[in-house]
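Record features (TrEMBL):
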type	residues	note
BINDING	871	Ca(2+) binding site
COMPBIAS	1479-1493	compositional bias 'Polar residues'
DOMAIN	1234-1269	domain 'EF-hand'
REGION	1465-1535	region 'Disordered'
TRANSMEM	16-36	transmembrane segment
TRANSMEM	217-236	transmembrane segment
TRANSMEM	251-267	transmembrane segment
TRANSMEM	279-297	transmembrane segment
TRANSMEM	335-356	transmembrane segment
TRANSMEM	376-392	transmembrane segment
TRANSMEM	899-921	transmembrane segment
TRANSMEM	983-1001	transmembrane segment
TRANSMEM	1013-1030	transmembrane segment
TRANSMEM	1042-1061	transmembrane segment
TRANSMEM	1097-1123	transmembrane segment
TRANSMEM	1198-1224	transmembrane segment
C-alpha cells in the first residue's frame, strides 16, 4: 500500500513535471544543435600508426586534429578517410606524433557515439545532463578541436544540470509538500501523520534496581564501542595471535551483552515488552550468541556475512551522542515513508530489469574488441538488475548504453536502445532518487502554526541579534558607486519599531491566524519545581573539582561587545509577545552594559594601546576605511564615502592583479624563467619583487585598519570578524612566500607555493549577497553541516567494518590475465607477453591490489568514502564479484553474491548520505532565508508577487499614427495573435527545423541552400524588427527585453551570414554565424505562453545563481592555484595527458570542474599520490623534482571533493528550491493571463505613452475600467445599477399595477431587488474602497503620479490575498503600519469633510434664510431635526422658530415630514454640485481647500476636480449623520455655537481620530498634501 501512495503522489505531480520537462527539452534541443555545429566529424579523427610492412594500428580513443609530418616536422591538418586528401587547411587540437597520421574513420562504438546529427547529439547532450562520463567527451573534443571546447560542456553542466535539472528537484519537493499540506498526510505513507504534541507524562514509580541499572548505561555503550574497535583491528596480514584476540573478544562481548539484556528484563520485567528497543536488543543478543557456535564461527565467509548483527549494535553508540541523535531522530521521523520509497525503488528496478532482459539478452558480446570481458550482458535477471541499478546510480551508466547501441546497430534498433536507457535514467535518477530529498524534507517539515511561530523567532533573531560585518565593501557595492539604496527602505526596518508591533496582542493573533490559544504555553512566575531527591544524582569529587575549575576560568566580567544577548528564558519557552519583550529589554540592557563597560575600562577602546578614539591619527585612519566589525563604529567617526570607496577600489584592483600574477607564475613558468639562458646568474625573478610590493600594500592596509578599529581587543576589532581573519591569513602567508622566495629554499617550495592559493580568498567579497550566503550557510550553519558529516560517518563506519570482514585480502589479482593463473602465490611468477598496442613485449608477473582494497580498516573506510561520491563503486563491486577466494586469481562472475553489499551500501549509504547533505543544506539555507518556515499561502504570494513585478504596462499608444504606412505597421505590431505574428512564429519554427537538419557528411548543395534560406529568414526578421520600431516607436520598442535581444541577435546573424557565404573557408565566421542562428531560435520562448511563464519563473533565480557562481569561482581559483603550485611539475600518471593535468591554471580549472561532478577524482588523486621513487626524480630543488606527494594529494583532493561536490552543488539545489516555486503558481492565488491583459488594457486607456504612471485625476477613470478579479466597485454584478434597472424594466404600464411603473421601471420589483442587498457587505465594500483609494494616493509619486506596479500590488492585497495568511512577518508588520497610517488618514478626512459640511451648510442656510425673510411674512416650520452652525458675522432670528427633537433622540427618531411634503422639503435643499462650485475658506481645511467643497448633505466628495462618478446616498432619507455623534439641539437658544460643537467632537471617537492624526510624522503624511481626495465610486 505504501507504493500505491507514492504512485498517487507522482500522478498528482506529473502535470508540473511535464511542464518543466517541456522547458528542459527545448534547451536540450538547442544544445544538441550547437553540438552538431561545433563538433560534427570531431570524433571520427583518430591517430593511425603505420608500420614498415604496410600494416597499421588505430588508436581508438586518441582523437586528433592534425599530425606532425615525419619529414619536415611541420604540423599538418587531418586527412579524410582515403588517408590522402586533406580535410582542412590548418591543424588544430592534438597533433599525432611522427610516424602516425590523423585520419578520419568511423565514430566510436560502431559509429553510434558522435555529434554528426541532431539525434546522436541529443544522446550525448543527455550524457552531459547526467553529469557522468561527460568528461570523456570533454577531453575527446579538446583533443580533436580546441581547449575552448570545454566551454560547451561547462555551460551545458551549469545550465542543464545545475540549473534546469534541479528544477525537477524543486518541483518534486514542492509538489509533495503541497500534497502533504492539502491532504494533511504524508505523501509517502498510507497512514496519516498526526501532529506530535509533547504530552506531559505522569511520573511512574521506578524501582531501585531500575535506577541502578540506568546508571550503568555508559558501561554497555563502552562494551559495544570496544567490540567495534576490536573488529577494526582485523587486516589481511594480521598475525594468528591478533586473530585469536579478535575472536575471543567478540565472544566475551557477546556474553556480556547477553547478560545485560537479562538484567534489563529482570529489573523491569513488567514494562520490558512495551519498549521497541528492548526487542531489538534482545534479538541482536540472541543472534550474536548463536553465531558464536564453533560450527558457525569457523565457517569462514558465511560467518563474515553474519557479523552484520554484531555491527548493528553500533546504533546504541550513535544515539548516545547528542549531536547525531537529534539529526537521526529528525531524519528517521518518517521512517515508514523512507522504507516505502526504498521498496518502491527496488520494485521499479526489478520490473525494468525484466524488460531489459527481454530486449538485450543475447545481443551483447561477452567480450569487447580489446578482449576485455563486458560486465553487464543481460544474460539473466540478476545481471540485468545490477545493470539497471547501475543506471539508477548514474555511475558509468553510459557504458551500458554504448554497448547496447553498438551491438544493436546491425539491426537498426540502436535508437531504441538509447531511448530505453535515457528514459530509465530520467525516471530513476531525475525523479525517483530526488524523491529521497522530498521524503527527508518531509521529516524536517513542521506544522503551519509552528511555521508562523518560527517566523516570529527568526525575525527577532535576525533583526536584533546582529548581522555580518559591513566594514569590507563588496565589489558590487563599489561598482554601484556607493549608491545608498537603503534610503528607500521602510522606516520599520530600523530600530525597535518592528518589535513594538509584536507587542500588540491583536497583531500577533492576526498573524498567527487566531490559533495561538491551542498552542500557547503557560508560564509561571514561581520557582521551578525541584526534582525529587529520589531521582537526583549527587556530583562526585571529580565533577566538583571540574566545576570549580570552570567557574574560576569563566567567572570573569563578560564583554558586552562580543557576547550574544542574554534572555531570562530560552526562546523555545516564549510566546511571540513575550519574546519581543525579551528582545527589547535584552537589547536595551546590552547597550547599557556597553556604556558601563567603557566607563569601567576607558583603555578598552584604545587601538594598539596607543591611539584613543579622539587621537588625530586614529580619526584619520577611520576616515579611510569602514568599521572593522559591525555596521557602526563605537566612539569613532564615519569614513568619508569618496575616500573609503576609492581606497577599497584600489585594494580590489591590487587583489585582482595579485591573483592574476599567481595564475601566471606557475612552477613551470618559474622553472623556465630561471632556466632562461639570457637571464643573469643569481638575479631574482620579477615575480618576487611584485609579491613584495603586494605584501607592502596589504600591510599598509592592515595597519590602517588596526589603527582605526583595533587589532582584537576593541569594540570594532577588525580581526574579530571572519573576513578580517581571512585578510590576516592572506597577509601572513604572503609574507612567508616573500621571505621564502628571497632565500630560494626549494625544499619547502611545495608548501609555500600552495600558500599562494589563499590570495584568491580575498575575492570572496565579490557581492553582498554572495558574501552573506557564504557566511550564513558555511559559517553560521557549519554546526549543522558538521552534524550531517557525523551522521554520514555513523553510516560509513559500520559499512567499513562490514566490508573489512567480508573482503580483506580478496582484491588481489595478477597482472597476467591470460587465464593460466590460479593460485597467486605459486602461479603469478616469471614473465608473460603483455602485448601493448599489439606489440609483443615481455613483462614480469606480479600480483597486487588496485588503487583500492579492504585489507585494513583505514583502506576500507577510505574506499567507501570514495564510493559515497558515486565514483568507482562499480569497479570495486566487479572486483569483489570476480574474487573466488583469498589467494586466488580473479575470475569473472565467480562471486556474484558479493554485489549485494555494494548495492545496499550504495542505496543506504551513498545515496542516503548525498541526499542527506543536500537536504541539510536545503534546510539550513531555507532556514537562513526564512523559506523553510513559509506556509503554502505565503509561498503562493511570493510567486504571485514575482509574476506581478514582471508585468509592465502596454507599450502601444492609444492613438494611431497619422501616416497610412505607419498605421499599418502599428496595427500588425500590436496584434499578438494576428496573421503577421502567426507568420513570424511559423518562420521561427521553420528556422528551428532548418537548424535541426544539419548533419555530417552532408551534400554541398544542401549546405548552400540552407545558408540561403537562413539569409532569407534573417531578412524577414529584420523586416519584422523594422515594422515594430516604426509602429511602436523606438521609445516603446526598447522597453521589451526580447525586442532588445532580437535587435542584437538578428543583425548579427545577418552580418555573419553574409561573411560566411563570402568567406566559406573561415571557420571563425562560420561558427559565430551558427551560434547567432541558434540565438534567434530563443525568440520562440516569448511566443509560447507555457515556455514564457516557465522561463520567467526559472530566470528569477539567475541573480542568486550568479552570486553563488562568483563565490564558487573564487574557490575554483584557490584550489587551481594550490594544485598548480603543488603538482605543476609532477610527471603524468596513467590518467593524465596533455590537457588533463595541473601544468597551467586554465587546465587545472577544467580538471577541477570535472571533479566537481565526482568524475574520476579518486583515480587522479591516486596518480598524484603514488608517483614516488623510483618512478620519479627526487631533488632538493623543487624545480628539478617531478614526484607527487601523498599528503598533499589526499588533503587537496578530498577538501575539494567536500567543498565543491558536497557543499556548493548542494547549495545550487538549495538556491533553486528557494527561488523556484512553480508549484505554488497553480494555487488559488494565481491570476490568469487574461485578467492581467484586461488590467493592462484598462491602464492603457489612461497611460497613453506607456510610462507606467497616471495622474491622480485619472485614477477614477481607471477604477471604472477595472473588471474581473481587479474590480473594486461597491455594487457588483446583479446589484449594480444597470443590472437592477434591466431586471426591473417593463415595456408598458400594465393595468394590474397602476401607478407602480415609473419611466418603464417596476417599483415593486425595484423595492424587492433593493431589499436583497446585503447592507453589511456593501458597507464593508465601501470601507475597503475608501482604504484602497487612500492607499493608492498615499503611495503615489509626488511628481509622476500613481505607479503601475504599485497599483497592481495594492489591488492584489485587497482582492486576491489575505494579508494575515499570505504575508511574511516582516511584510505583515510593514503592511499593518501602512494600513494604520491609511486608516488614520481616512478618518481624518472623514472628520474634515464633516466639519466642512457643517460649516458650509450653516453658511448656505444663512443666505437662504436672509432671502426668505426678505419676501416671506411667516416663518416656515421644518419638522426634520437638523444641526446648524451659525456664522459669526450674523445671527438669524428666525432660527428660534425651528422645533428641536427631544434629548437623546437620533435623527432617525425625530418626527418626519409627511410623504407628500418630503419632496417639497427636499426641493429646498441645494442639488448636487461639483466641489469647485465653492471656493471659500473652511476651518477644517488647510492646504487642501481646493480639493473639496461644502455640501448640505453629508456625502463624500468626488475623486477629482475634473468630474467622474461621485458618492451618493446610502439609500436612507436621513440627511445628517451628525445627530448621532453628539450633535446638540437648539432648544432654548437661537443658534449652536461652533465651539460647543467642537467640544462635543473632542469627546467623541472622531475627536480621538483627530488627535491621533496630528501625531502622525511628517514622513507618514508626505506625498498626500498635493493629491486629490479619493473617496470612492458609485
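Cβ atoms are placed via backbone N, Cα and C, with glycine included.
Automatic prediction, not curation, is the source of TrEMBL annotations.
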Counting only residues 6+ away from its ends, which parts of the chain sit with a Cβ under 8 Å from the transmembrane segment (899-921)?
327, 331, 342, 345, 386, 389, 393, 433, 436-437, 440-441, 444, 777, 784-785, 787-788, 791-792, 795-796, 799, 802-803, 806, 864, 867-870, 873, 876-877, 880-881, 1206-1207, 1210-1211, 1213-1214
Select the range from 217-236, 251-267, 376-392, 983-1001 that forms the most Cβ-Cβ pairs under 8 Å with the transmembrane segment (16-36).
983-1001
Within the chain of the residue listed as 'Ca(2+) binding site', which residues six or more apart in sequence place their C-beta under 8 angstroms from its C-beta?
395, 1158, 1159, 1160, 1161, 1162
Per-state residue totals over the domain 'EF-hand' (1234-1269) - DSSP helix, strand, coil:
22 helix, 2 strand, 12 coil
Could you give the residue numbers and ranges of same-chain residues that sit at least 6 residues beyond the transmembrane segment (983-1001) on either side and whose C-beta is under 8 angstroms from one of its C-beta atoms?
29, 33, 36-37, 40-41, 116-118, 1010, 1013-1014, 1017, 1020-1021, 1024, 1077-1078, 1080-1081, 1083-1084, 1087
Using a Cβ-Cβ cut-off of under 8 Å, list the residues of the same chain that are 6+ residues beyond the ends of the transmembrane segment (1198-1224) and lie near it.
16, 19-20, 162-163, 166-167, 169-171, 173-175, 177-178, 437, 773, 777-778, 785, 865, 869, 914, 917-918, 920-922, 924-926, 929, 931, 936, 939-940, 942-943, 1094, 1097-1098, 1100-1101, 1104-1105, 1108, 1112, 1115, 1119, 1152, 1155-1158, 1161, 1165
Near the transmembrane segment (1042-1061), which residues from the same chain, at least 6 beyond its ends, have a CB less than 8 A from one of its CBs?
1011, 1014-1015, 1018-1019, 1021-1022, 1025, 1028, 1069-1070, 1072-1073, 1076-1077, 1079-1080, 1082-1083, 1085-1086
